[in-house]
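Student: Handing you a structure now.
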Amino acid sequence: MFFIIHSLVTSVFLTALGPQNRTMHFVTEFVLLGFHGQREMQSCFFSFILVLYLLTLLGNGAIVCAVKLDRRLHTPMYILLGNFAFLEIWYISSTVPNMLVNILSEIKTISFSGCFLQFYFFFSLGTTECFFLSVMAYDRYLAICRPLHYPSIMTGKFCIILVCVCWVGGFLCYPVPIVLISQLPFCGPNIIDHLVCDPGPLFALACISAPSTELICYTFNSMIIFGPFLSILGSYTLVIRAVLCIPSGAGRTKAFSTCGSHLMVVSLFYGTLMVMYVSPTSGNPAGMQKIITLVYTAMTPFLNPLIYSLRNKDMKDALKRVLGLTVSQN
């Protein structure tokens with residue numbers, strides 16, 4: 001499904017953002033400055049980001065393989081987790097490869113269409129992540145607060161429907177804001193002092209003020225961030241209340257272990273998002289915005305397998321079984 005959406009959206013956006021549809025735009029490319037500094041410092045930064053990226057692909061890829069190959073993990077909880085890990089691979093890949101190329105390149109340019117395509121996929125994948133975190137919290141709520149009804153509610157069919165809603169819904173949220181921003185006149189300068197194509201720097205480069213477009217983007221960001229966040233908060237309020245009523249200490253520990261890992265992921269992801277996109281960003285220096293962006297574009301996908309998935313005993317056992325199967329076949 002992701003590849004179908006990717007192909008359709010790419011062709012549509014390349015047509016919509018092509019030169020023939022941008023008669024008012026004098027800028028044909030942007031310059032992404034990224035982290036600029038001494039060459040030795042940039043080399044260290046490149047090595048750090050590259051290792052982080054490869055480990056992220058390895059960790060999340062291992063989770064996807066474990067969920068797919070181990071029948072014991074063919075349950076709603078792990079199907080959601082496998083999709084989440086697959087999402088993280090594409091989320092970090094939407095920005096980090098271009099970031100790595102920019103560090104090594106003397107010419108740090110990105111085309112007008114390429115900039116807005118990166119903008120679209122980065123924000124759409126981030127929105128999909130918000131939706132998945134909300135659905136995963138709902139799944140834990142059903143499992144802990146309504147265990148007797150859980151098998152009849154969270155069926156395989158319903159789980160697949162939720163997965164499809166997350167993917168499709170995430171990619172349908174941002175076309176309107178992105179098209180509105182792309183139609184603004186950009187007559188120069190074209191330097192974006194950021195790691196990625198972000199709405200804040202793009203608004204600053206526009207030749208005219210666009211308060212209505214800024215308001216639409218701010219409203220979209222707030223709704224997409226706070227809607228799923230309030231859903232997660234509600235689910236875990238009920239979960240924590242139910243866990244505290246469990247008489248067995250071992251049962252409480254197991255429930256808190258699973259939910260605690262998910263809450264760590266939610267806190268890390270949503271904390272940086274709210275600082276970046278909900279609070280006014282005009283007061284934040286460019287360096288601080290880059291650090292915050294690096295946290296939720298690279299650090300969060302890297303840490304998710306460690307603090308959420310790989311701490312799970314069933315997942316670790318599945319990874320060992322999959323590794324053993326691979327070794328025996330070779």
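Yeah, the Cβs are placed from backbone N, Cα and C, and that goes for glycine too.
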Student: Hey, in Swiss-Prot are Val96 and Lys316 both on the same membrane side?
Tutor: no
Student: Quick test of the contact rule: Cβ under 8 Å, at least six residues beyond the ends. What residues does that give for the topological domain 'Extracellular' (94-117)?
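Tutor: Long-range Cβ neighbours of the topological domain 'Extracellular' (94-117): 10, 13-14, 17-18, 22, 25, 27-35, 42, 45-46, 49-50, 52-53, 125, 178, 181-182, 186, 192, 195-197, 202, 297-298.
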Student: A 10 Å Cβ contact count, applied to the disulfide-bonded residues Cys115, Cys207: which residue has the minimum?
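Tutor: So among Cys115, Cys207, the disulfide-bonded residues given, the one with the fewest Cβ atoms within 10 Å is Cys207.
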Student: Sort out the residues at least 6 away from either end of the topological domain 'Cytoplasmic' (65-72), same chain, that have Cβ-Cβ distances under 8 Å to it, and list them.
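Tutor: Result: 78-79, 81-82, 85, 314-315, 318-319, 321-322, 325.
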Student: Quickly jot the same-chain residues contacting the topological domain 'Cytoplasmic' (139-157) by Cβ under 8 Å, restricted to those at least six beyond its ends, or write none.
Tutor: 76-77, 79-80, 235-236, 238-239, 242-243, 255, 258-259, 262
